[in-house]
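> Mind having a look at this structure? Questions to follow.
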Amino acid sequence: MRNRSASSLFITLFLTIGAAISFFPIYMAIANSFKTQGEMFQSFVALPSAPTFDNYVQAFHKINMLSSTLNSVIVSVLGIGGIVFCAALAGYKLSRTPGKASAAIFFLFVASMLVPFHSIMIPLTRMANSLSVQGTTYGLALIYIGLGVNMAVFLYHGFVKSIPRELEEAAHMDGCGEFQTFFRIIFPLLLPITVTIAILDFLWIWNDFLLPMLMLTDSDHYTLILSTNTLFGEYNKEWTLILASLVLTAIPVIIIYAFFQRFIMEGITEGAVKG
Amino acid sequence: MPMKGVLKRYVSLLAFVAPAFILYAIFLLIPTIGGMYYSFTDWNGLNTNYQFIGLDNFVEALKDDPDFVHSLLFTLKYVLYMLVLQNVIALLLAVLIESRSKSKGFFRTIFFMPNMISIIISAFMWTFVFTQVLPQLAEKTMFTFLDQSWVGDPKFSFYAILIISLWNGVGYMMIIYLAGLQGVPQSLMEAAIIDGANPLQRFMKVTLPMITHAITICFFLTLNGAFKVFEVVYGFTGGGPGRSTQVITMNIYEEAFSNNFRYGYASAKSVILFIIVLIFTLIQIAVMKRKEVEA
């Protein structure tokens, strides 16, 4: 018994040290973002003696916090909404339709999940350019839909199998059209997998860097991450300012994490198991 | 009548699938095919004139482009380290956290948190830690080994890049392993305890076989993600010094967007990346599927 509590203590100690190391960079960023440049160089590890918000005020303006956040929100909401709408329709129908055509289309969607983004970024950029969707937040959202539907179709396709057909047949008897049946009866039943898809796509789109960098040229359209990247490049040595901007950029996701932690973790597990 | 029924079925299939398929075709399918097509040409991205040059681009990339080959090997090394370390650490954390009762939720929250932060933001945060904090820490404490040229010396940069990637990625795998561990039936564990199995034996003989599915998934995700590594290196070393820490995606990026407009050549490199990811993924799936069946 004593042996067991000793090993239990050891495990807790081990995890605590690990957690401290894991939290260290975040602590560093937060603590030093409240210092002046001079105070920071005296000691990085110490807590700020007289916390200043100057860095935050500056960073807030430099990364256009409000408009950048708004851009990120627009891209994420439109992207996720579009993916859910398009993929639910397609995944449902493909799952319910027997035959070669349906199977072939489904195979195309699934096979494309293996294509690395970096393998298509060159032709994709040219395509976006020739369709004039390059350079706008709405165009960016459209591209996210195109890139994201394959996995969502796959997940919906699998989930629909668990919904009994009798429901649709009954609705059909009552004179519901196909689309009406889908939106009134089926789509609400897809909610669990819709939440999973929305979460996975949110983590992807909100935190994505390379696609916005390739697509957006005007800083008015920059997403939060892109604005911070620009600031990082311009203020090379002003660490207190940079750290404040990093913390600002991290705040929205940390808030979402605090509220939706359970859903996020379930979403990841669900997406992984089905994937 | 049957003819009409078939037609109606196709129209309805089309109506449901079209929105997704059109966007998918424009932004994923056509670029994929287009990229493969241009990889066999000497197109410069501007001229309407270009020629088919067969496999020349591929031969040049693998034979006469030391920077590309170096980026390829560097990426492979990174993938191998990630595959082992990310899964071992994630599984270790999951097992230890699962054994806690009260503090389980707390540790899960802390270890997963870095995953919420964008990788590029993580890389910037760690740049601060590696270039500013650690040298000072080394100076003030006895941990002198912390003062290395983390950004300037590729040997150390490699480990720094690994640390940042692991910090960011371990939490995700840990969540999947935790879910896997919860699926291990308690009765099996108790039976093993009664049979006198020690903790290590219980882990090797009961837990591991019961979570092969989670292991398969995590290996797949790590493999897929690690080959596509870009942001960490971009944010931390920018591929430097020189091109010593350049990964394959950065090499493609540089070829395509910054210097010499060799679209055909850059496309060939993209196709090489695709083929490598495909081969490794298929091998991994085949091996793991066999293991799963056995278990």
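Including glycine, each Cβ sits where the backbone N, Cα and C put it.
Curation does not apply to TrEMBL; its annotations are automatic.
On a predicted model such as this, the values are computed, not experimentally measured, just so you know.
Got these off TrEMBL a minute ago, pasting:
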DOMAIN    B:72-284  domain 'ABC transmembrane type-1'
TRANSMEM  B:12-40  transmembrane segment
TRANSMEM  B:78-97  transmembrane segment
TRANSMEM  B:109-129  transmembrane segment
TRANSMEM  B:156-179  transmembrane segment
TRANSMEM  B:206-227  transmembrane segment
TRANSMEM  B:263-287  transmembrane segment
> Any chance the transmembrane segment (B:263-287) and the transmembrane segment (B:12-40) are in contact, meaning at least three CB pairs closer than 8 A with a sequence separation of 6+?
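They do touch: at least three Cβ pairs between the two stretches lie under 8 Å.
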> Let me spell it out: take the transmembrane segment (B:206-227), skip the flanking residues so only those 6+ beyond its ends count, and list any with a Cβ under 8 Å from a Cβ in it.
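Sequence-remote neighbours of the transmembrane segment (B:206-227) are 75, 78-79, 82-83, 86-87, 90-91, 95, 165, 169, 172-173, 176-177, 179-181, 183-185, 188-189, 192, 197, 248, 273, 276-277, 280-281, 284-285, 288-289, 291-292, 295.
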> Checking distant contacts: for the transmembrane segment (B:156-179), what same-chain residues at least six beyond its ends satisfy Cβ-Cβ under 8 A?
74, 77-78, 81-82, 85-87, 89-91, 93-95, 97-98, 108, 111-115, 117, 119, 122-123, 126, 130, 148-150, 211, 214, 217-218, 221-222, 225-226, 229, 232-233, 236-237, 244-245
